[in-house]
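Copied over from TrEMBL:
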- 273-389: domain 'FAD-binding FR-type' (DOMAIN)
- 32-53: transmembrane segment (TRANSMEM)
- 99-119: transmembrane segment (TRANSMEM)
- 195-214: transmembrane segment (TRANSMEM)
- 226-246: transmembrane segment (TRANSMEM)
- 252-269: transmembrane segment (TRANSMEM)
Amino acid sequence: MANATTPASPSTVQAALKLLRDRQNKTFSEDLWYIILSVLAVMTLAHITVYGLRLLRKHRDSVPSPHGPIAVRRLPLAAVNAFRIVFFRWTVPFTKANLADALFTLGYTALMLTMSFISSHDANITLWSSRTGAIAISQLALLPVLASKNNIISLLTGISHEKMAFLHRAAGRNMLLLLWIHAVGKWYTGTRFTALKAVLGGIALFALSVTFLLSLKPIRSFVYELFLVTHIVLIAIFMVCGWYHVEHTHRTGYWVWAGMILWAFDRLLRFARTIYNARLWSSKPSTEATIELISEDTIRVTMERPMSWTPGQHAFLTFPGISANPVEAHPFTIATIPREASKISSLRELSFIIRGRSGFTGKLRRQAQIGRSTVTAYVDGPYGAPPDLSSFSTAILIAGGSGVSYTISMFENLIQQACNGTSTVQRLVFVWSIRDESHISWIYHQLNSALACVPETLSVSVQIFVTRAPSPSSMKGIPYQGNDLNRSDSDLEGYTYENVEKADVRSTPGRIWSNVTRAPGIPYQALSRSDSDLQLEDSTGTYNNSEKANLLHSTPLAGLRVMSGRPDVYSIIAAEVATSYGAVSVDVSGPAPMIASVRAATRASDIAGPAGIARGMPSISLHAAEFRL
């Protein structure tokens, strides 16, 4: 007689299921992190490789590439440019996300869901309802890193913190999705929500859900200052309640501790940097800043601090006397380059051009409207990873409005590097679109000092487009065209634009100042600002367009063209690429439509197509400086 198998008791089955659940929760959470770290390692290797190739390119002479049949040796370069076009210059419809951001988000979501449901024994609800919570909470060590200003990912990959904000939101929303699946699954299995750990888990989920609603773009943009405060408060509630829930359920509170420690570490570094930049322990701390109105809605903030930075970087500014929240900080691009410190002082001048809108910048504008004044300000920075343009043959800098803060510092730096012999750039193009001609005064002294000492080895073109039609009186008696510095018209022969909206810098009717005498080889240094350059508002602080215009009319700059209409960035980039002897860098900062136009131009087949690059056309690198709220 065969022995009958004794069926396992329900308690035994539940015990085995619980043991399997706990083991899978730990295993799949760790496996998810192994995959994330592997991706990070690949990105780090790619960053090191790109950096090495740029150093190699910098030590090569730029020579004309033959435009002929496809060269096998250029196929890798063509493949790299094809990769850039597909993943970084195409954007997803109805969003600002490029394809790389979208694919990272989709891949991360798919990975989280796969790890949550794989090997769940025919989708056993006991297994996946618990594992979704475990997988979600394991990402608490990643979220602060993606949001922090001081993080290891930026150091290893070269990706600046502001460009990871998109991934931070994507990771947070994935966490919220899994936690809701976790909560619904537990409710379906009959879990009682009366125990303290369950109640606190519900509070944590509620806090995260409200955070998600406030982070939606329309709400976040409309009440950004409120979003900042509530974000910190709600996430603190989520972390504390979440820790109690997971620690008293699966003993996995270490994930929450990891997140809190990383967040606190970033905050501590930011606080220490702010204290250091202000030298608060000194008898003469650096806490003063000057604010002035330079147009109807634009403010210049100027200060001196004992710090250094890379052109194109930004800093977070805090004005305790202006903002209702004394620790509220906002990022702004530094519009100046770090000058050499003197023997008697380590202070360097920082300047910020800020567009006054609503919220904090609106308060700053109202303060500036009172008149030029000195206020207390603290600086946290610098931050950001702007590209090194010194290894390119041609650099094209495009900006709109206050986005010039980014490009003017890059412009000055490239001219300084050319004077010092540390750059291979042979052609430098500066394009700026502004609403009113008087806005040129924002960067007048910087253009003046830079253009006055351009070396013979560098060809420079400054093209300023004024979208608001000038008055006839301001145009009277002004010559319409002129040449670039160190470049004749014959260099651009055959490359013309179509009309005023698609303006040829050599033929379009538009305002241009005549050249001034330039002394080649003069060491690069800032020209001192006269009082008239700085004090161009009346006693009430109201911006005076006529005085600014009179200054510009009477003080011409070499190589500067001012034209009516909007810049046709496609034609500008096409003309420069066609005449470049080597790699081309395109940097843009400004309104979203302008950035979209530049992206479209740099993915056009006749400008940056892989086939053309394989035949000898120069490769194009694109960098868009934009903050996503």
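Every residue gets a Cβ built from N, Cα and C, even glycine.
Note that TrEMBL annotation is computational and uncurated.
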Query raised in the report: Looking only at residues six or more beyond either end of the transmembrane segment (99-119), which have a C-beta under 8 A from one in the stretch?
Result: 24, 28-29, 31-32, 35, 86-88, 90-92, 128, 131-132, 135-136, 139, 166-167, 170-171, 174, 177-178, 181
Query raised in the report: Would you list the DSSP helix, strand and coil counts for the residues of the domain 'FAD-binding FR-type' (273-389)?
Result: 18 helix, 43 strand, 56 coil
Report summary line: For the transmembrane segment (252-269), the distant same-chain contacts (Cβ-Cβ under 8 Å, at least six residues beyond its ends) come to 25-26, 29, 134, 137-138, 140-141, 143-145, 148-151, 239, 242-244, 246
Report task. Summarise the model confidence on the domain 'FAD-binding FR-type' (273-389) as a single mean pLDDT, whole number. Result -> 88
